[in-house]
Each structure stands twice: as C-alpha cells, then as structure tokens.
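Feature annotations, reproduced from Swiss-Prot:
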type	residues	note
ACT_SITE	287	active site, proton donor
BINDING	172, 238	Mn(2+) binding site
BINDING	175, 176, 177, 189, 190, 191, 194, 195	prenylated FMN binding site
C-alpha cells in the first residue's frame, strides 16, 4: 500500500494496530526518549504523543521502530519484498544492454515507469498553509526533543535537508541532525562527504561570501523520508525514487524565499540560509554508538521562515546504543542492499549488517568462493562499491555454508577457518565516521577484513579439514524412533 503523506501513513498504521496515541502529557525533555526506547525494544507500535508537555503540536515517535514499518513506508507488504526494491535499484544503477529485441521490449516498461515518476511541481501546498517570517520565527515553539541527560540542547533529528549545488539541476536530500542554538538558528551537522556539504562547498567556491539557500522538511511522507536514506543511483533523484515507491509522482512546491523545491505535503518547512564562515561548536550529543560524541564545529543554518500545515505534527526520534531507529532502518535496508551488491558481485550469497554493530560498522558476507584471494576481492569491493559502507570498520567474509545472520555460525567459521596473520587485512588512513572516537584521528582510521573462508591451494600448503556431516540414513532412523526413546 502506498501513502500520500505522513497523515495517510499514520491512519494506515493505526488501522493495523501499529500506532498508539498517547494522551498522557509526556515531556520532550528526556521522557519521550524513555518511552520510545522501551517501546522500540519491545517491538512496539509507533507513538503519537498528542499532549507533549508545554506544547500544542503533537510529536510522532518510533515511526520506523520495526523493519515491518520500514517496509510499509516503502510501499512493501513485508521485509521480503524489500529485495524487489533492491533489484530495481540494482538494475537502474547498472542497466545491462538488452540481449535482443524481445529483451529490450521487456525492459521498456521499467524505463517508462521511471520517466513517468519525475516530480510534479504545484503552485499551492498544504505545507505553506501557515507562514511565519522574520522576528516571529521561534524554534522554541516546536516540541523538539532533548534526548539524553548529557545533550547540550534540543536536537532536530528527522529533518530532510534540501540543497542544490551551483552546477546541478538535481536537488540533494539528506538527513542531518541539527542542534538548536537560538530562536532562528541551528547547527547543520553534515559530514564532508555528504551531498549537502558538497553542495555547500561548491557554492562557496562559485559564489564566495554569498548566503547558501537551504530548506528543511519535517514530517514528509514515508517514501520521501526513506528515499533520502536509500542508495539511489546518481541518475535518479530521491524525489523520483519516492514516486516509484509511492506509485505516484512526488508533489513539490517552491519555497517562499528561495528556488528550492520541498515536499508539498510535509508537515513543517524551515527555510533559510547558511552564511559562509558562520560556524559554531556542535555537541556533545548521545549518538547511535551509545556514547556522547566530542564537540566539533559545523555551519550555522539561519531560519528565515517557517511554513507549516494547519495543526502540524512534529516527527522526531532519538539515537543511542542499538537497538534504536537507525539500527532498525539498517536491518530493513539490509534487504535492499543485498541485490545491489549481488548485481556487482554475483558470488555474494548473503550480506548482513548486525544491528549491534551500530547500523553499518560491521558487515558479514557469505559467498561462493571460486579462486584463491577471492574473499579479499569481495571485502575490498564492499568497502568501495556503495558509499553507505565507506565507514564499515569490519568486514567478515565466509563461505555459503555459513548463515551470515547466525553468530554461532560466524564465530565457528572465524575460529576454525582463519589464521590471524594470513587472513586478516588491515587498511590504514581510511575515512571513518567522525562520531567514532576510537579512531586515532577524527574522521580517519583503519579497517579490518577477516577472511573466514575455506582456504584453497595457494593460500595454504596444508591439507584442509573436512566438515563433519551426519549419516542421513541414521538421522532418518533416529527421527522415526525418537518419540519411543522418551527423552523429550
């Protein structure tokens, strides 16, 4: 089922028993985090806090707190269907030339559908029903969460940041956390390799000293939100991909104060600029690592205008030691990643990002090994193929007789098929998440690959062990006798 906007999604969740309305007053300061954390760990519903303490704007939390709700937001009925979305993205990322006329005709509907999902620009939009400008702009009127006791200030977490570089027609959508530092100012924490930061850098080079236009959409429809965190091919905009997920074109509207286009059905829009050179220290904040991050300097976004729907809903989350929403998103999007990786590396059987690994810091790959050194080729490919894995610190590669999602299997493979010196790949001075304080330099650290595959001639001079396999006939006989033995 597809959802036109966030409210449509809320109705759909409520009909399925996947959303709970909370009418007891709950404070955005620490209390919502506690309630959402307990609910997420219990695999509970999305939560709509209808009476946040001190505010008259409801807060939506734990929206993507289960993989099933992530799948629903992407228009799928189950997490298994996410593989089909991954196959579509794999095809669009690396389209193969048709093998003949019949093959060309079979692929034509896919390309026609992609072309037909170009965003639609509208003149009037519900996200601009109410306009607040100038001195009336006051972010303290929004129920922005203060998530952890050691957090320095309230933090906008689910803001969909819209930017455009000076040499680009396509807009970039990214989700970057934003520390509130004044009634109309937030700190835009985007890492240097992210699309928004790249657009800003190019703008400063081409238009030195001129303000950089930015818009932030809060409470967009689920397909647009999830499109911003999915590995969309560079040839496809996030808005067009959201249209594919939703089954109809994404409606956009031009901002009141700049030329950026934002989701027309979003709940709240922040419009403004970043003045080149205006920076501020950001943090500390509790993050998805389970620790407070160190303070670092990032650009300041000045909010010049807030537009919103009548009676808007504020969409929020928290991040902490897994499980949290980013970890759950990682579990669901894992199913999207598998076909994309298999398109490039057909020998990959499965790929798994354990949620305990903070969404992306560890990956387990199972493969059909075909030659000496093959496992090392695959681990290097994982690091380099998708930018989502540039911060993955540990890649474990093992054979296809191992279940990548079963630690008992994986640990058995590591401890029986690896020689630590021969089968460990260490790479130094590589990009690392700035939130990773374990790295010796902020943003720069090492990576480790573990080759836990059976070794081929050329990789070892020893006779390799044979896996113990039970006798099938004996197993069948004992199955037949089992009830008579009285053991269970």
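Each Cβ is built from the backbone N, Cα and C atoms, and glycine gets one as well.
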So if I draw a 10 Å sphere around the Cβ of residue 177 (prenylated FMN binding site), how many other Cβ atoms end up inside it?
21
Given the recorded prenylated FMN site (175, 176, 177, 189, 190, 191, 194, 195), which additional residues of the same chain have their Cβ within 8 Å of the Cβ centre, ordered by sequence?
161, 174, 188, 196, 197
What does DSSP say about residue 195 (prenylated FMN binding site): helix, strand or coil?
helix
In terms of Cα spacing, which of the recorded positions 189, 190, 191, 287 are within 10 angstroms of residue 172 (Mn(2+) binding site)?
none
Do me a favour and check the Cα-Cα span between residue 190 (prenylated FMN binding site) and residue 238 (Mn(2+) binding site); whole Å is fine.
18
For the binding-site residues listed here (189, 194), which one has the lowest count of neighbouring CB atoms within 10 Å of its own CB?
194
Inter-residue Cα distance where the pair is residue 177 (prenylated FMN binding site) and residue 238 (Mn(2+) binding site), in Å:
19
